[in-house]
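Report on one structure; see the data block that follows.
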């Protein structure tokens, strides 16, 4: 079986599980989001092992688990974010000499990713649509950028970070993201206006930046993949880097234009 076939099969299986848990929502999706965050933190600490200490690992795991418990107990977004930021601050101060900002960055990256995904879904009727909108934008970006880049080639997007990504792939991915976002948004709101396409474009751009940033992190530690958990895709970070970056932006957008704990109203503020 070729790497592309393995990649496609893994994507189909993961996509099916993800969409089912998104439909279920509630605690099920929250646990799924926390599992993603925990996997991200594991891979981050393994990648940056030379910047970690026994304390940073133990403290990071404990703080991330408690953050997840706060999410499950639904203690409020601001409290959970505040708790997460406090933990990152402690790591930054206590581990700066040995690890610089790597331990704190890993905790925030994993924790805020889990929090963003969980709160975007929430328990509201349109939480499902909100997450599907995010998936449509990011997956359209990933799939189209991959195949468009391979078919058209052309100038490299950021060869210092990721030698295989091209401008043709990035532009094609962004265009597909706008189309995918418009399709999903049309299910819950009347067509028209500039809000949805602009948001979809921004999410696509941030998704691709998140992908490049994760590639940069791997290069800092001489790694090709973040892990081996996902056949054909490498690690969890390799698969969700763009998704969690876009989720963070969409969460912030919803928190500003709706409210931190109930984000589905984002579709009615354009």
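Even glycines carry a Cβ here, placed using N, Cα and C.
So that you can see what the record holds, here are the features copied from Swiss-Prot:
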TRANSMEM  19-39  transmembrane segment
TRANSMEM  53-73  transmembrane segment
TRANSMEM  76-96  transmembrane segment
TRANSMEM  101-121  transmembrane segment
TRANSMEM  126-146  transmembrane segment
TRANSMEM  183-203  transmembrane segment
TRANSMEM  248-268  transmembrane segment
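Same-chain residues lying 6 or more positions outside the transmembrane segment (126-146) and placing a CB less than 8 Å from one of its CB atoms are 15, 18-19, 22-23, 25, 29, 117, 120, 165, 169-170, 172-177, 179-181, 183-185, 187-188, 200, 203-204, 207-208, 242-243, 246-247, 250, 254, 263-267.
Sequence-distant contacts of the transmembrane segment (101-121) (same chain, at least 6 residues past either end, Cβ-Cβ under 8 Å): 22, 25, 29-30, 32-34, 36-38, 40-41, 44-45, 48, 51-53, 56, 60, 63-64, 67-68, 71, 77, 80-81, 84-85, 87-89, 91-92, 95, 127-128, 130-131, 134, 240, 244, 247-248, 250-251, 254, 260-261, 263. Packing against the transmembrane segment (19-39) from elsewhere in the chain are residues 64-65, 68, 71-72, 110-111, 113-115, 117-118, 121-123, 127-128, 131-132, 135, 229, 235-236, 240, 244: each is 6 or more residues past its ends and has a CB under 8 Å from a CB in it.
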